[in-house]
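Q: To start, I am sharing the structure in question, which I have written as structure tokens.
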Amino acid sequence: MPDTRLRGLYLITPDSPDTTTLVAQVERALRGQPALLQYRSKQRDAALRLGQARQIAALCREAGVPFIVNDSLELALATDADGVHLGREDGDLDAARRALGPGRILGVTCYNEWPRAVAGCAAGADYVAFGAVFPSATKPAAVRAPLELFVRGRRELDVPLAAIGGITLDNAAQVIAAGASLLAVVSDVFDAPDPGARAAAYRTLFDA
């Protein structure tokens with residue numbers, strides 16, 4: 001049975017050393033009830049990341065939104081996260097699946113690489129992500145993933161597909177039409193005057 005959590009807005013936090021501001025931003029955005037929220041931080045300070053992740057995890061639990069950690073299985077386990085999202089350099093997928101157990105979410109970044117998506121599914125991924133779909137301010141040098149990957153993925157893979165990279169309300173519908181079940185978004189929500197309202201607007205795209 002498909003995981004009903006894996007459809008809708010996949011909100012990703014901006015990278016910020018200012019914990020107070022970040023937590024306040026997340027609290028506002030969660031009012032829009034995204035499907036998932038991912039804590040993503042490239043800060044080198046492990047203590048800062050742990051502190052931020054714990055506070056955001058608590059907000060997600062209160063809001064009833066699954067909390068995912070980017071890049072770090074260790075941090076996901078330390079914060080009792082609902083799942084982890086791993087890229088190419090973030091460890092063995094089979095080991096991550098075993099450590100998480102069957103009830104938590106394992107997501108895999110596949111860039112524009114079809115074989116990696118197939119391997120991720122074989123390792124027990126709950127969803128696979130392709131991107132960047134559009135040019136992205138968050139990762140300007142990211143490879144581009146054509147919408148045809150989503151068309152093929154919907155036809156040939158048994159897990160939901162996440163789209164990431166430059167997604168906005170203006171271009172989201174075509175990505176959903178191609179086959180994406182999750183839209184991973186940072187800037188278009190967190191840069192909005194009302195992040196909660198912006199997040200809620202994405203939800204309506206999936207209700208149509």
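Cβ atoms are placed via backbone N, Cα and C, with glycine included.
The structure displayed is predicted, hence computed values, not measured ones.
Dumping what Swiss-Prot says about this protein:
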{"type": "BINDING", "residues": "GLN38, TYR39, ARG40, SER41, LYS42, ASN70, THR109, LYS139", "note": "4-amino-2-methyl-5-(diphosphooxymethyl)pyrimidine binding site"}
{"type": "BINDING", "residues": "ASP71, ASP90", "note": "Mg(2+) binding site"}
Q: Please give me the CB contact count at 10 A for ASN70 (4-amino-2-methyl-5-(diphosphooxymethyl)pyrimidine binding site), counting all chains in the structure.
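A: Its Cβ has 22 other Cβ atoms within 10 Å.
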Q: Between any two of GLN38, TYR39, ARG40, SER41, LYS42, ASN70, THR109, LYS139, the residues recorded as binding 4-amino-2-methyl-5-(diphosphooxymethyl)pyrimidine, what is the biggest Cα to Cα distance in Å?
A: 16
Q: Cβ atoms within 10 Å, counted per site: which of ASP71, ASP90 has the most, among these binding-site residues?
A: ASP71
Q: Whole-number Å only: compute the distance from the Cα of ASP71 (Mg(2+) binding site) to the Cα of GLN38 (4-amino-2-methyl-5-(diphosphooxymethyl)pyrimidine binding site).
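A: Pair distance, Cα basis, whole Å: 10 Å.
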Q: Give me the long-range Cβ neighbours of ARG40 (4-amino-2-methyl-5-(diphosphooxymethyl)pyrimidine binding site): same chain, 6+ apart, Cβ under 8 Å, in sequence order.
A: ILE12, THR13, ASP15, ASN70, ASP71, VAL186
Q: Report, in whole Å, the straight Cα-to-Cα distance of ASP90 (Mg(2+) binding site) from LYS42 (4-amino-2-methyl-5-(diphosphooxymethyl)pyrimidine binding site).
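A: With the alpha carbons as reference points, the distance is 13 Å.
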Q: Around the C-beta of SER41 (4-amino-2-methyl-5-(diphosphooxymethyl)pyrimidine binding site), how many further C-beta atoms are within 10 angstroms, looking at every protein chain?
A: 22
Q: Under a criterion of Cβ-Cβ distance under 8 Å and sequence separation of at least 6, what residues of the same chain contact GLN38 (4-amino-2-methyl-5-(diphosphooxymethyl)pyrimidine binding site)?
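A: Expected: TYR10, LEU11, ILE12, THR13, ILE68, VAL69, ASN70, HIS85, ALA184.
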Q: Measuring Cα to Cα, how many angstrom lie between SER41 (4-amino-2-methyl-5-(diphosphooxymethyl)pyrimidine binding site) and ASP90 (Mg(2+) binding site)?
A: 14
Q: Near LYS42 (4-amino-2-methyl-5-(diphosphooxymethyl)pyrimidine binding site), how many other Cβ atoms are within 10 Å of its Cβ?
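A: Its Cβ shell of radius 10 Å holds 8 other Cβ atoms.
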